[in-house]
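The structure appears below as structure tokens.
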Amino acid sequence: MSFTMARYSSSSSSASSSSCGCCRPCSRICSRSSAYTLALGLGFVTLGTSRILLLKFSGNEENKYDYLPASVNLMAEAIKLVFCLVMSVRVIIREGRSFKDLGCSSGASFLSYLKWSVPAFLYFLDNLIIFYVIAYLQPAMAVLFSNIVIFTTAFLFRVVLKRRLSWVQWASLIILFLSIVSLTTGNGDQHAMAVHGLHPAHISTPSNSCLKYTHLHQVHQSHNESYWSRELWDSQLIHKLNSFGLGYVLLLLQCFISALANIYNEKILKEGEQLVESIFIQNSKLYLFGLVFNSLTLLLHADYRNLTLHCGILYGHNVFSVALGFVTAALGLSVAFILKFRDNMFHVLTGQITTVVVTALSFFLFDFQPSMDFFMQAPVVLLSIFIYHSSKMKDPEYALQQERLRVINGEVFERSRGDGEELERLTKANTESESEEESF
């Protein structure tokens, strides 16, 4: 009996010591995960705010763009692709893997590769629409109205990812929608105004062939009656659409496209074997398609193609537009990390901080003069967002996925070796517990 007690005490002490040993790395991982989460959130808010401001500053006196918006997106996609390819090569060399992982060596891998074309095309549309949204609306109204992305994200969460929402969350979404509609029908100065005094010169001087082409193009347009009739019809149509609220229609379309792109991207980032795959290898495939789609815009449009061939891709660009390309690239990378190691709701929540920052800056930078309705309805928008996030419904499947991702969150940068043993052990343990419950 004494032998039994001694064995029990020794096993208990060893178990307690092992549990303490497990707690220490766990707490270290959790603190590291919190630090990475805070860094992701701050980076996303800073980059999101900078992007909105640069979009506004890069316009001309007529609140239009001297450069082609597609060229900015093409520049951003190229920067992201080069960065992810360099990091992917680093990961492959460290893990001793084959470079075939960056391509497609079979029919099945080719079909899997094509999955990344869907979010790439949606992001292409999203990044293109935002230029015209900022041209039609004040930045403060644009970011406030873009909160409707919470509604579209929640709807797609339920349909695509089968996520559950409580009745309180649905009620808060309805309040959010009605508040945003009330904001858009207010009497404040909601339409965009050009920023005076912040229009720097172009970074490149047009060549002789460029000047000759633009001059001939203007002469051709001035003698083309069909062009003027088409321009008159377009201006009348745009005026009618603007009075109808074209900026809000475009922003509503962008909210749906953005939510769909982020949800589909999160789905393929985390499904099956992709959960433990390097984010740089995954994003290399995504940004390759993004580069193709943005290149097609410049190639298929006759005016864009001729202007790019004669004047170059940097024609009309200024310091703000070039900075916009780098900020857009960094913002896209931060969104990818959020979708991989957090989720869409964290992405949407941090976006609300961007809303507050941009709205505050609009008072000082863009002469934003809101009506009394704005001050009454804006707090309701933020309050409904708070109610939505404070009344989350427990979803066992989502909690299980977050538990599996917790190890990756804590070792987001150390994980480049790609062993993934802890994740496999955790997955195996969860699978065994599920099978025991089913048998019971």
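Backbone N, Cα and C atoms are what each Cβ position is placed from, and that goes for glycine too.
Taken from Swiss-Prot, the feature compositional bias 'Low complexity' applies to 9-19. The N-linked glycosylation site annotation in Swiss-Prot covers N224, N306. According to Swiss-Prot, the feature region 'Disordered' maps to 1-22, 419-440. Marked as topological domain 'Cytoplasmic' by Swiss-Prot on the basis of a curator's inference: 1-34, 88-104, 265-278, 340-345, 389-440. Annotation source Swiss-Prot lists topological domain 'Lumenal' at 56-66, 126-138, 186-243, 300-318, citing a curator's inference. The transmembrane segment feature in Swiss-Prot is assigned to 35-55, 67-87, 105-125, 139-161, 165-185, 244-264, 279-299, 319-339, 346-366, 368-388; the stated evidence is sequence analysis.
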Maximum Cβ pairs under 8 Å to the transmembrane segment (105-125) - stretch from the list 67-87, 279-299, 319-339, 368-388: 279-299
How many other Cβ atoms are found within 10 Å of the Cβ atom of N306 (N-linked glycosylation site), counting all protein chains shown? 12
Among the ranges 35-55, 279-299, 368-388, the one whose Cβ pairs under 8 Å to the transmembrane segment (319-339) are most numerous: 35-55
Per the definition of 3+ C-beta pairs under 8 A with sequence separation of 6 or more, do the transmembrane segment (279-299) and the transmembrane segment (35-55) touch? no
Taking contact to mean 3 or more CB pairs closer than 8 A (sequence separation of 6 or more), are the transmembrane segment (368-388) and the transmembrane segment (139-161) in contact? yes
I'd like the per-state residue tally for the topological domain 'Cytoplasmic' (265-278) from DSSP, helix first, then strand, then coil. 11 helix, 0 strand, 3 coil
